[in-house]
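According to TrEMBL:
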{"type": "COMPBIAS", "residues": "A:274-288", "note": "compositional bias 'Basic and acidic residues'"}
{"type": "COMPBIAS", "residues": "A:436-449", "note": "compositional bias 'Low complexity'"}
{"type": "COMPBIAS", "residues": "A:459-471", "note": "compositional bias 'Pro residues'"}
{"type": "COMPBIAS", "residues": "A:472-484", "note": "compositional bias 'Polar residues'"}
{"type": "DOMAIN", "residues": "A:22-137", "note": "domain 'Response regulatory'"}
{"type": "MOD_RES", "residues": "A:D73", "note": "4-aspartylphosphate"}
{"type": "REGION", "residues": "A:267-288", "note": "region 'Disordered'"}
{"type": "REGION", "residues": "A:431-484", "note": "region 'Disordered'"}
Amino acid sequence: MTEGGINGFSSPRADVFPAGLRVLVVDDDPTWLKILEKMLKKCSYEVTTCGLAIEALDLLRERKDGFDIVISDVNMPDMDGFKLLEHVGLEMDLPVIMMSVDGETSRVMRGVQHGACDYLLKPIRMKELRNIWQHVYRKKIHEVRDTESHDGLEEILMMRNVSEQSDDGYLLCGGDMTPGKKRKDAEHKYDDKDFADHSSIKKARVVWTVDLHQKFVKAVNHIGFEKVGPKKILDLMNVPWLTRENVASHLQKYRLYLTRLQKDDLKTSSSGLKHPDFSPRDAAGGDRTDHLKMQQNEAVNSYRPPSNLLLQNANSRIHEVDLKGTASLQKIEPKKVLTGFAAKSHKASCSNVGMSHSFGSTQYSTYNSVLPTQYSWNEGFTEIQFKQERNPQFQVENGFADLGLPPLQQHNQLNLQPLQPIANGLFGKERDKQAKSSSGTKSSFGSYSLPSQNLMPSFQPPDPSFQPPDPVTSSTWSLKDDQQTSTDNLELTAFLLQGQNCPSTNLDMQNKGMLEDNDPGFIAEVPPNLYDALRFDYEFPDSLEYPVIDQGLFIV
Amino acid sequence: MGYLDEQFIQLEDLQDDANPNFVEEIVTLFYSDSTRLIRNIETALEKYPFDFCKLDDYMHQFKGSSSSIGAKRVKDECSQFQECCKARNIEGCIGVFRQVKHEHATLKRKLETYFQMGSPEINLLL
């Protein structure tokens, strides 16, 4: 099985893929560790075991590119499994599978939100382990497509060849590469020459160290989130060996990360909003914006690559509004609040939504206006989630949702309470718990009872053409500062880890992250229409422009 | 009998020429490690005020470990214990924990017999 090497410092053997897959297993239970090792060896994988999370991280750092996938238990004594998950995603960008004897939906949800590519329940079956290679393969494919890097191409091609030659049923036939490659070419306009050059050279994967990332964030902040673009960032960063592609893919992850971060913050701060229904992608969007803001304030440490849209919207809004966080929001300056809120709350709420995609784009344009209609569904989405708890200060019935900006909670703190409709079944528990920890103010959103279930399916993938606005560098998301600082470093790494499933993680972020006590969680409840808009295709902001103000969204 | 579930069978399937005593090694490892986990719980049950979160956490670990060898009855008692923790029912916890230890010890004896006698005996345990 171990074609690669004896001491673990092997390189992947794509030609015999998936045999030789280099797996790192992390579990504090020695019995399970031994069993898993044996099981993985039986799958012809190359196994390394670790009893502690810190040990695992050290190992991963030491052997850059020494592993293909990580499997970790959720409950580790020295570090929360989810934190490890984030770190791995950020720093090493490896797929991580979580394991636990506990299959509670909320836990699984958290795993997914933090970026786990799978969540296995103990006792684990051989057949489940046999298939883990799919996560490695999938990631490679996505990387090639999304990051414009050719690094993975060779490997994927090799894997592809293997599959075609192999008799094994479970090997994939690698038809994927071609379309991916084509798409990439089309989208990124690689000329043949470039491509050829790249493919002949196997580039080393860029490791986004803390320093590099700091430079990145500084550049982003300097340029201004709305205007940020890989080229500009690259120029500012002044790192000779870095390519535009590297920056582009990192920027994308960053955005998702911020979104996710937002969600997490919201989650931890307020009641744990879990939005199981949120499709991962959607969720990501929302969080991002919020996070983005927050992150910026915080100095980037923990950024989550937000999903494009939401983040962008949020950011732009933030600029406009100059949100001061809760304070301003609370002031009930509708206008201000809105904008600020949009940015902020949006984050909180939106992040989860992740609906950004179309929403984002359309929304964006209107973003500047006071009414956060643009946000609409992003915000709304998140709102939906939150709305339950909030006080209907706002009486925002319709407009609000669209805005996506949670109605300014002028009066109260936005409590990001788990969106009831969505959360009811699932998060009832969480919600209760959260409720206790949340700031206690209810957002004043009206009560939108958006059928959470519906929301989920309606999320559409982010509009690829959407150009999310650059995050506001000045972001006023000070709210998060407090929370963030402590986790900054982790966040930073988490961000780097993100690679994986940003979207899914964003959900969490929405409420939690954003609206801390100081942040009046703008979790606007998504008005029913918003919901529909979301559902069906929000593209239009025009249609979503609810006369929020008229509705007294802002509590003046 | 329900002492063991199919996880145990899976362990047997893993046994091969490279690891001819795999199952026994795993069971031995489990029993030596679980002593520590049991002690943690006992200590926590003696500490007042009772920390149900911690108790639940320890039991969660123990349950996870028990699942590794397919100790079905032990696992079931663990779940019951966790229910008592949720209900903050300390007496319930203490009572169930006694059951946990009893099942844990019974299984150990039966497995020792099994390893001495060989395969046919396993049917009595499944």
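Just so you know, glycine gets a Cβ as well, placed from its N, Cα and C.
Annotations in TrEMBL come from automatic prediction, not curation.
A sphere of 10 angstroms centred on the C-beta of the residue listed as '4-aspartylphosphate' encloses 24 other C-beta atoms.
DSSP classifies A:D73 (4-aspartylphosphate) as strand under the three-state reduction. For the domain 'Response regulatory' (A:22-137), DSSP puts the residue distribution at 54 helix, 26 strand, 36 coil.
Confidence for the domain 'Response regulatory' (A:22-137), expressed as mean pLDDT, is 91.
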